[in-house]
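The feature transmembrane segment is assigned by TrEMBL to 6-27, 48-73, 79-98, 110-134, 154-175.
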Amino acid sequence: MEMFLIAPIAYLIGSIPSGLILGKLFWNTDLRKFGSKNIGATNAYRTLGIYPAIIIFAADFVKGILGVLLGIYFLNTPIAMIIGGIAVIIGHNWSLFLRFSGGKGVATGLGVIAILMPIVTLAIFIVWVLIVVFTKYVSLASIVAAGLVPILAYFWIGQIEYIIFSALAAGFVIYRHKSNIIRLLKGTEVKIKAGNK
Ligand code: NKO
């Protein structure tokens, strides 16, 4: 029975648009109207600066953790954790409260994999930081880091359920970067710089 509760509850948690709510509440800003129009930490940094970005990152990251914790709470099996994790990312990317629009799943996905695969998480986080530092393209860093997750899961974890989960999660993150990919290919993607509202 519990099995059927994990996914809907995780989906609802993921659906809470933290960046939109916090932006409006504390900085009187609808992030969907500025910069990349995304509600994530990067656009918060671009639009509002470092502290709003950290707070919104933390909120989205915690949502990812909560999705996996639901699986632990209800059934405590790897499959249950994975279902909670995937559902929370889907909720974040395709929110019930935003007519199935939403974020890109980077911070929330990081929260999910931080619990499911901590070593993989550490490795891809380092890669993400390096790509941001050297290219200043956050979207490129997120796309490459997400793409690495299933590859590292294959080599370092090896269990089929983790590999399938990783491929799906990475697919969801990369798919939501569609507009960034088009800009990167055209050479019009904006390099990161703080507080430009
Ligand atoms: O506004 O379109 P934009 O330029 O904002 O934003 C692009 C960006 C969107 O993502 C975010 C969240 C930023 C979080 C920063 C910490 C990320 C560390 C590593 C992430 C790896 C992703 C793995 C997910 C796999 C399931 O990209």
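We number each residue from 1, going along the chain as drawn.
Cβ atoms here come from the backbone N, Cα and C positions, even for glycine.
Note: the stretches the transmembrane segment (6-27) and the transmembrane segment (110-134) are not in contact (fewer than 3 CB pairs below 8 A, sequence gap of 6 or more). When each of 79-98, 110-134, 154-175 is scored by its Cβ pairs under 8 Å to the transmembrane segment (48-73), the top-ranked stretch turns out to be 79-98. Long-range neighbours of the transmembrane segment (110-134) within the same chain, counting only residues 6 or more positions beyond its ends whose Cβ lies under 8 Å from a Cβ of the stretch, are 60-69, 81-82, 85-86, 88-89, 140-142, 144-146, 148-149, 152-153, 156-157, 162, 165-166, 169, 192.
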